Amino acid sequence: MNKVLVIAGPTAVGKTEISIEIARRINGEIICMDSRQIYSHLIIGTATPDEETKKLVPHHLYGSVDPRTHFTAFDYKKLAEKKIGEVLNRGNTPVLVGGTGLYLDALRKGFLNVKSDYGLRTYLRKLETNNPGVLRKILVDLDPQRAQKIHPNDLKRIIRAIEIYVITGIKMGEIVKENRQDENSFDYHIIVLDRERQELHERINKRVHQMIDEGLIEEVRNLLSLGYSTTLNALNTIGYKEVVQYLYGKIDFNEMVHQIKVNTRNYARRQIIYFRKIEGAKWINLSKTSQEEVVDQILSEFI
């Protein structure tokens with residue numbers, strides 16, 4: 001079975017440095033597994049590897065999607081699997097790097113096993129309680145073919161169909177079809193990098209200041225001047241939405257910096273929680289291990 005190395009972990013943990021060294025040692029080619037670094041024009045705020053870094057080993061899918069595009073995990077799965085196949089055909093090793101757990105689940109499990117969003121389910125049930133029949137109408141609008149196959153009173157299946165569409169952005173019929181056609185035989189070896197909380201928070205805070213020094217505000221200003229709407233998913237993410245508020249005069253500079261730090265720390269916490277649920281992942285605490293030891297440990301696990 002074709003082996004694929006996955007280097008995952010929360011934002012600012014240090015995935016880039018480790019993955020570069022690993023890729024150099026195993027004839028690896030790095031493939032983006034980050035839902036923000038996949039967009040073009042979003043460089044500083046997403047901590048996308050710079051051009052000098054990309055020259056060290058081949059990088060793929062970074063900046064490959066226009067921010068105006070409605071890009072889903074389903075779209076990512078198709079792009080990433082194609083790229084993985086190309087790398088393997090060259091006799092090299094695919095190294096997936098990033099912190100988007102949903103992308104990893106899409107590759108490993110497809111979408112029939114999309115994790116439940118209990119917050120969303122609770123919200124949908126409240127909608128139905130307050131307005132009986134509304135979820136059926138919502139499903140008809142989102143996925144009319146699926147709605148025809150579910151009894152109007154089967155609230156559980158209606159909620160699940162809506163949930164999958166909201167999470168993935170695709171219809172159930174397309175998911176079933178894709179899963180039937182999915183014949184990839186990739187063997188994913190998953191490494192999750194982590195650090196002690198205080199150290200990770202300090203790295204996040206330092207990165208925020210570094211991004212601002214490197215021109216994050218100007219990057220956002222340029223995106224707006226190019227006509228990119230603030231309602232786009234790409235611009236409604238951490239680091240960008242706060243700068244937009246600052247540029248529009250809704251918050252001052254210090255509050256902008258504070259919000260980016262807090263929101264990034266909370267995001268890192270959610271990433272860690274998500275990765276904790278992935279069975280078979282090998283966790284490595286970078287706070288307790290030198291980079292050289294980490295690289296050797298990963299190589300011994302993978303090779």
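Quick reminder: no glycine exception, Cβ is built from N, Cα and C everywhere.
These numbers come from a predicted model, not from an experiment.
Between the stretches 14-17, 34-37, 130-133, 194-197, Swiss-Prot puts its region 'Interaction with substrate tRNA' entry on 34-37. Across the fold, the C-alpha of THR16 (ATP binding site) and the C-alpha of THR100 (site 'Interaction with substrate tRNA') stand 14 Å from each other. Taking only the Cα positions, the spacing between LYS15 (ATP binding site) and THR100 (site 'Interaction with substrate tRNA') is 13 angstrom. One way to see the shell of the ATP site is to take the Cβ centroid of GLY9, PRO10, THR11, ALA12, VAL13, GLY14, LYS15, THR16; the remaining same-chain residues with a Cβ within 8 Å of it are GLY99, LEU193, ARG203. By a simple count of nearby Cβ atoms, those within 10 Å, the most crowded of the binding-site residues ALA12, VAL13 is VAL13.
Using DSSP to sort the residues of the region 'Interaction with substrate tRNA' (34-37) gives these counts of helix, strand and coil: 0 helix, 0 strand, 4 coil.
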